Amino acid sequence: MMQRSDLKSRWVVLVLTAVILAGSYFNYDGPAALKAPLQETLHLSDTQYNLLYSVYSFPNIVLPLFGGLLVDRCGTKASLILFVSTIVLGQGIFAAGVALRRYDIALVGRTVFGMGGESLTVVQTTIQAVWFQGKEMAFAMGLGLTVARLGSVINDWVMPAIYQSGVPGLLPPLEPASALSFGFFITLLSLGCALALLLLEVRTDRFLAAQHKREQAQPLLHDTAAGAEAVVEHMSLADIQHFSASYWLLTVSCVVVYATILPFNNVAAGVIMGKYGVSLEVADRLMSIPYLIAACINPFMGTAVDLLGYRAVMLTAGAAALAAVHLSLAWTMVPVVLPLVAMGLSYSAYAAAIWPSIALVVDGRAMGTAFGLTTAVQNGGMASMPIAVGTLRDTTGSYQAVEIFFACVAMVGVAVGVALNVVNHRAGGGLNRVAKRRDALEKKLEAVIREDLEADSQSR
Ligand SMILES: C[C@H](NC(=O)[C@@H](N)CCCCN)C(=O)O
């Protein structure tokens, strides 16, 4: 029976989903590229500035856990339009709040934006899973993340330029709301791509329905969400109790290690400007280095993980490298490019290992629940970390204490990584093995058990 993954149009779907997410990542990092102008215009302390990131994550301490359920219930088409519309609305409110010099409205905008932003990644992953099921799924997802991260990089380059010069006849210069309004147009581009995807999905439904009628096959599953059931099965909260120690260690690792990457990016311009005395534009270009490197090497890192294994080792080494990066930013005056390049390499290695590791340690049936739970817990870290960072910066007056704090959190990541290696070794070392070899061993084991069972039933 013909499926979506048999159609060439899956590549169009990949481009559309990647551009949709790039629009979201572009605007997630909007405040980071405009840190100084935003603080100046709205008279914000570091704590208040960082709260713009915490409020993005607050709703997501719960939402991603139910994101899969919502996608299952409402379908990918409806939830895609819902979540993209939510980020359009959120970015519009945020830009309006900044234009009106109303910090409270800006916070509401970031909260609404967050309510769409993280759930959008859930529905995007589901759509990619449905269209690439049994085909190039890992490659497609890696490429999707690369394009999304390019959204962050382009943001770092474009936002300060628009802030400086505005858009003649449209947006005034030296006004942060101008750059944020440009971000609003980018969300409209995401909405345009989402509508194009909706049309493509509807046409594909019709095409497959006609095809299935011809084949006298089962009735068509009328929504991609239903089609997704084979891959991203119904979320069941009861599954959580069966998750292994490795899963929980991976989740803790995800929280602490990501807490030293994304919240660092939120204040990176401030760290670089304060320490090296460069302009906002130069600081913004420099801060794009980690994400630019990650965007370029993500698919290769993913391939390396697939070919070599060593996931748990890579997670631990990535955390250790991040601790070294933050310590060097706290205590040394090495050229800033070096720690930023090292951060990009460690981030990419870490991201390439963490998400497939989660897929390896949970039962396929509980995959949606597992990813939803990890993302929800991760957002707990993303919500609290900016508050801690802002408070530290405001009370000490410099970023040195913040950098030492980041390094300590990364060291917790190293400790969790060591524990993960021990637990994983005792459980057979699956995370450090090559997936194909692991699959082969599991298949062998299954065959032996099946033979035993058959011999058992024959002897009775
Ligand atoms: C793949 C991973 N994504 C996440 O960790 C998201 N939960 C948070 C992304 C925040 C920007 N929208 C990543 O970006 O490495």
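Using N, Cα and C of the backbone, Cβ positions are placed for all residues, glycine too.
If you check TrEMBL, you get these features:
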{"type": "DOMAIN", "residues": "10-427", "note": "domain 'Major facilitator superfamily (MFS) profile'"}
{"type": "TRANSMEM", "residues": "51-71", "note": "transmembrane segment"}
{"type": "TRANSMEM", "residues": "78-100", "note": "transmembrane segment"}
{"type": "TRANSMEM", "residues": "179-200", "note": "transmembrane segment"}
{"type": "TRANSMEM", "residues": "245-265", "note": "transmembrane segment"}
{"type": "TRANSMEM", "residues": "285-305", "note": "transmembrane segment"}
{"type": "TRANSMEM", "residues": "312-334", "note": "transmembrane segment"}
{"type": "TRANSMEM", "residues": "340-362", "note": "transmembrane segment"}
{"type": "TRANSMEM", "residues": "369-392", "note": "transmembrane segment"}
{"type": "TRANSMEM", "residues": "404-423", "note": "transmembrane segment"}
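Same-chain residues lying 6+ beyond the ends of the transmembrane segment (179-200) with a Cβ under 8 Å from its Cβ atoms: 9, 12-13, 16-17, 19-24, 26-27, 30, 33-34, 77, 80-81, 84-85, 87-88, 91-92, 94-95, 98-99, 127, 155, 158-160, 162-163, 167, 171. Counting Cβ pairs under 8 Å to the transmembrane segment (285-305), the top-ranked stretch among 51-71, 78-100, 245-265, 340-362, 404-423 is 340-362. Pairs of Cβ atoms less than 8 Å apart link the transmembrane segment (340-362) most often to 312-334, out of 51-71, 78-100, 245-265, 312-334. Same-chain residues lying 6+ beyond the ends of the transmembrane segment (51-71) with a Cβ under 8 Å from its Cβ atoms: 28, 31, 38, 79, 106-107, 110-111, 113-115, 117-119, 121-123, 126, 225, 228, 232, 234-235, 237, 263, 266, 368-369, 371-373, 375-377, 379-380, 382-384, 386-387, 390.
Per-residue pLDDT, averaged across the domain 'Major facilitator superfamily (MFS) profile' (10-427), gives 90.
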